[in-house]
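Taken from TrEMBL as is:
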| type | residues | note |
| --- | --- | --- |
| ACT_SITE | His194 | active site, proton donor/acceptor |
| ACT_SITE | Cys210 | active site, nucleophile |
| DOMAIN | 40-85 | domain 'LysM' |
| DOMAIN | 97-234 | domain 'L,D-TPase catalytic' |
| SIGNAL | 1-23 | signal peptide |
Amino acid sequence: MKRASLITLILFGSLSAVNSVKAMDYPLPPAGSRLIGQNQTYTIQEGDNNLQAIARRFNTAAHLILETNNTIAPVYPAPGTVITIPSQMLLPDTPREGIVVNLAELRLYYFPPGENSVQVYPLGIGQLGLETPVSTTHVSQKIPNPTWTPTAGIRARSLAQGIRLPPVVPAGPNNPLGRYALRLGIGNGEYLIHGTSAPDSVGLRVSSGCMRMNAPDIKALFAQARVGTRVQIINEPVKFSVEPDGKRYVEVHRPLAMLEGENPQTVPITQTAGLASFVSQQGSDKVLVNKALSRRAGIPVVVSTGAGTAIESTGQSALNREMPVSVTQALQ
């Protein structure tokens with residue numbers, strides 16, 4: 001947690017001018033498949049401002065890059081360092097409809113109606129103690145040029161930090177909600193998907209429960225989503241799939257810390273019935289699954305029986321960089 005706090009402070013103190021690219025737009029895989037995309041590599045250049053700027057260039061989050069590249073400097077990787085960009089993933093096990101948010105991976109998936117594609121965006125979510133709620137809901141309102149009315153709780157927390165907020169922040173470039181907001185039908189409508197005036201906060205747990213996106217991303221999503229669009233919010237750090245070619249994959253992310261001081265790299269991962277069934281099936285290598293659960297590389301890795309050497313040859317060597325962990329394995 002101390003490392004995460006340090007990253008947050010440094011990143012907010014060095015906002016980058018690099019703009020986000022358009023959403024990663026992937027063709028939908030065929031029925032029975034959930035694997036999309038392909039990982040990329042990037043060599044850190046002289047002049048790269050920080051990891052958040054690099055993440056925006058590839059329309060991902062620094063948090064996800066750090067999951068995959070667990071040995072690099074967390075904010076300013078040295079020039080010449082080759083990193084893996086985690087642009088391959090498994091689709092969440094949800095209906096391929098509307099907006100799907102997986103809090104554990106800080107990603108938003110949008111399935112345009114009538115199109116055989118999915119758009120993937122990085123996302124900022126609620127901080128510890130102010131978590132974004134897991135739910136199935138819908139877009140209840142579209143708000144261009146939103147004003148921001150801080151809640152009493154937000155004003156109190158800000159005042160405790162020496163910041164006195166105005167009753168209302170008008171629309172404009174300094175508005176914390178950005179230029180577009182989608183209100184969700186949760187509670188009293190207090191949860192939004194919106195832009196931000198602090199782009200380096202995207203991909204972090206820093207909000208009061210709303211979900212924030214890079215400016216070009218929320219603009220694109222706002223133009224496509226409609227009032228009534230289905231929104232499903234899940235929190236699933238482990239995704240798995242048996243692909244049509246028979247290969248078995250797991251994608252493991254660091255679980256969201258629920259207590260102050262918890263280390264997401266070592267907090268136990270809850271075993272689900274679906275995961276237990278997947279591992280018990282013929283063709284799954286339990287050793288490889290446990291290795292993936294320990295490493296938490298944030299990218300799909302092959303866990304088929306006999307795939308021990310295939311992991312390295314498919315460019316997924318990040319899985320083989322062991323970390324000291326004190327996790328009780330979910331599967332023995």
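Any Cβ shown, glycine's included, is placed from N, Cα and C.
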Within 10 angstroms of the C-beta of the residue listed as 'active site, nucleophile', the count of other C-beta atoms across all shown chains comes to 21
Per DSSP, the domain 'L,D-TPase catalytic' (97-234) contains 25 helix, 49 strand, 64 coil
Whole-number Å distance separating the Cα atoms of the residue listed as 'active site, proton donor/acceptor' and Cys210 (active site, nucleophile) is 8
